[in-house]
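Enquirer: Pulled from TrEMBL, these are the listed features:
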{"type": "TRANSMEM", "residues": "12-36", "note": "transmembrane segment"}
{"type": "TRANSMEM", "residues": "56-82", "note": "transmembrane segment"}
{"type": "TRANSMEM", "residues": "94-116", "note": "transmembrane segment"}
{"type": "TRANSMEM", "residues": "136-169", "note": "transmembrane segment"}
Amino acid sequence: MEFDSSRILAGIGSILMAIGVFIPLLALVGIILLLIGLKGLSDTYREEGIFRNALYAVIIGVIGLVTIIFVAISIVGIAITFAPNIPRHMAGGAIGTVLLFIVVYFVILVLEALFYKKSLDLLATKSGEKLLGTAGLLLLIGAVLTIIIVGLILVFTAWIIAAVAFFSLKPPQPAQEQIVQAPPALA
């Protein structure tokens with residue numbers, strides 16, 4: 001894949017990830033475009049860690065999402081089935097279970113952001129585009145602060161900054177060969 005196509009796909013994917021903070025279906029499309037773009041950039045810069053770390057982030061995110069959906073369906077099912085008959089001592093256990101899964105999901109979000117940060121940091125190093133490193137840091141801080149909701153604003157901002165950085169990427173310069181002149185012949 002060409003460099004320009006890769007950076008544009010990654011940039012559009014980042015914009016959709018930003019919007020996906022509020023409209024999750026767009027995040028799914030954004031993830032796919034971002035991964036395709038990062039794969040191309042990973043090949044361009046010959047650094048497989050750029051794509052690999054982003055892929056790990058996506059896998060961790062999917063595991064977190066599946067876990068939350070499973071727990072939510074289970075809790076709703078139990079609540080509907082036993083709601084009128086749940087003894088008070090069991091209600092506390094149910095609340096504890098919900099809190100436990102919120103904490104687990106929070107940890108998964110932070111791990112996901114950590115792998116995205118690693119990917120963006122590698123790309124920042126290889127490309128020289130410092131905004132990618134800033135976006136990765138904001139993404140990680142935003143994930144940590146999602147526990148108090150403020151983090152969602154930082155995550156949104158991080159993906160917008162990442163999009164700007166992707167669109168600002170310059171093509172890598174080919175390595176210049178040094179011309180070595182032979183020493184003059186001795187007579």
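Residue numbering: from 1, along the chain as shown.
Glycine is no exception: its Cβ is also placed from the backbone N, Cα and C atoms.
Looking at the shown structure, what environment does each listed feature sit in?
Expert: Under 8 Å from some Cβ of the transmembrane segment (12-36) lie the Cβ atoms of residues 1, 6, 51, 54-55, 58, 61, 135, 152, 155-157, 159-160, 162-163, 166, all in the same chain and six or more residues away from its ends.
Distant neighbours of the transmembrane segment (56-82): 31, 35, 94, 97-98, 101, 104-105, 108-109, 111-116, 119; these residues of the same chain sit at least 6 beyond its ends, with a Cβ under 8 Å from one of its Cβ atoms.
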Enquirer: Mind checking which residues of the chain, 6+ beyond the ends of the transmembrane segment (136-169), have their Cβ under 8 Å from one of its Cβ atoms?
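Expert: Non-local partners: 3, 7-8, 10-12, 14-15, 17-18, 21-22, 30, 37, 41, 106, 109-110, 112-114, 116-121, 124, 127, 129.
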